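Colleague: Can you read through this structure? Questions will come right after.
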Amino acid sequence: MRLTRDDPGLPLYHTENKRGQTFRRIRARARNWFASRSIVIKVLIIASIFFSIFVLVKLCSGMVSKTESFPIESQDPIVINEQIIGGKKDEVDHVDVDHVEVEKYDEEIDKNIVHDKMVAPESGGTHIKFKGPTNDRQRAVVKAFQHSWMGYKKYAWGHDTLKPISKSYSDWFDTGLTIVDGLDTAIIMGLTEEAAEATDWIQNKLHFEKDRMVNFFECTIRVLGGMMSAFYLTGNQMFLEKSVDLGDRLLSAFKSPSPIPYSDVNLLKRSATNPQWGADSSLSEVTTVQLEYRALSRASGNSTYEDLSFNVSKHIHKIGCESHEGLCGMFINANTGQFKKGATITFGARSDSYYEYLFKQWIQTGKTIDWLKEDYGKAMTAMEKYLYRNSEPNKLFFIGELLSGETYSPKMDHLVCFIAGTLSQGSKNGFPRKHMDMAEKIGETCHSMYDNPTGLGPEIAHFNMIPGKEDLYVKPLDAHCLLRPEAIEGWFYLYRFTGDKKYQEWGWAAFQAIEKYARISTGGYSSISNVKKINVQYRDSMESFLLGETFKYLYLLLGDDQTVLPLDEWVFTTEGHPLPIYDH
């Protein structure tokens, strides 16, 4: 889910209370009194002020040096937010999420949220030796990655994304998204030169002192997730240090009056705000950062990241989504902590990875947090009841949507194809065999979505539920292809768990279509405007997830050795970055 965020947002500290007018009157009178005094008295007054300031600074510095951490004394998630980010508030027993007011935070504390508490681990990252491609298909995918890297390096190096048609670039966050998102893929493919180039740029060029708004979710999964994966694959402490710096800044999203974070963060000012289009955050944006922050906490020895992000999951669990038996609406308010009433229920954009991270957090924590497993299982049962249908005439099974929480729509985003992987992995970890059956059927449907003249999948498909000639159709405005990974991701998991080579054939066919219709000879690959037209029109954009996910899942899917990054030791984030599984 890629959103354009150009609005600088509203600062958190923009209100003025009524005492301001009284203060200005007092200040004016003081100026008049001071002007009427003699020079000697003025000198004495000024000296006294500077001496007082000096003494106060020394006292404060002494107190701060003794305060290395803020104790978490309350189980109320809102109080915990205040204690972790801004220090413990006096006499706070309970905060009502429905009637809470926005807190003002000490900007000086914001500047050093957790640096003092970071502990460099003795271990954590490990240098893993990857063998590189072992067959011709894998080698072809590696060459495609290198072609992407070459175009990006030639025309967009250091910028977020390549515009391969115009041979230029675009910046969304100004954090070198393609480099950071694609680094672990280069490592896994055994591309030592590309990995070294990326590592050097991150170490010497990447910094986060940038006065611009970034999306909390996207920056977490692409930049923080990419660096943390590189740390765990290589053991290079530099990646951890950079991750701590970024993590500290992104924690500003939690300066909300509820456990739900704001959606946008200013990296330099460490302020946060709601999205420019409204007061609500997307469900997936606030519930799909937990894998990354848990990994950061475990590596750095600082629980702050894990505590704040996991409070979001705890809060969703607490308030529940009972109207649809575990299926949640797509919007939630960071000020009230409550779901927007009448919102669409979907497994597509703005909701998808909430369900993915329910399951994957349970896996990441060694299957020790039972309510994560229970909430996921409950949601899958409700999904089958409310959303899982089949088309006519060929009975393709798909997952539709409930518009406004009520009206069924036989629409399925390409993003929904991720659930084939999650369901199949679940079936191998204690969930019913029926989950594997659903996973295989959805994987088949996602393959049918690629049955177009170009062999590429559209952004959205609609399904016929009454007898007709075609099971699915694609509307003109939904026919574009961003070279997304979700279908290939689903086939990767299905192949790992079933060994059925048809999934490799489907992945190879999708790759050949990418090569034929999306490859730009001067470097890189471009999204296209319509998968149903062989006379391709390009959108002049190469998303970072092409390198971070699509090529990575293709490479792993097509490998002879399916024990690389075993799924009982590693969990893949929603951006395809492998992180270790813990025992608790």
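Along the chain as shown, the residues are counted starting at 1.
Any Cβ shown, glycine's included, is placed from N, Cα and C.
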Colleague: If you pull up TrEMBL, which of C446, C481 shows a disulphide to C417?
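Modeller: Answer per TrEMBL: C446.
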Colleague: Spatially, and counting Cα to Cα, which of the recorded positions is closest to E218 (active site, proton donor)? Options: C417, C446, E459, T574.
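Modeller: The smallest Cα gap between E218 (active site, proton donor) and any of the recorded positions is with T574.
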Colleague: Sort the recorded positions C417, C446, E459 by C-alpha distance from T574 (Ca(2+) binding site) and give me just the closest.
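Modeller: Among C417, C446, E459, C417.
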Colleague: Tell me, how many other CB atoms lie within 10 A of the CB of T574 (Ca(2+) binding site), whichever protein chain they belong to?
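Modeller: Around the Cβ of T574 (Ca(2+) binding site), 27 other Cβ atoms lie within 10 Å.
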Colleague: Using Cβ atoms only, which residues of the same chain lie under 8 Å from C446 (disulfide bond) while being at least 6 residues apart in sequence?
Modeller: H414, C417, A420, G457, E486, A487, G490, W491
Colleague: Within 10 Å of each Cβ, count the other Cβ atoms and name the one among the recorded positions E218, C417, E459 with the highest count.
Modeller: C417
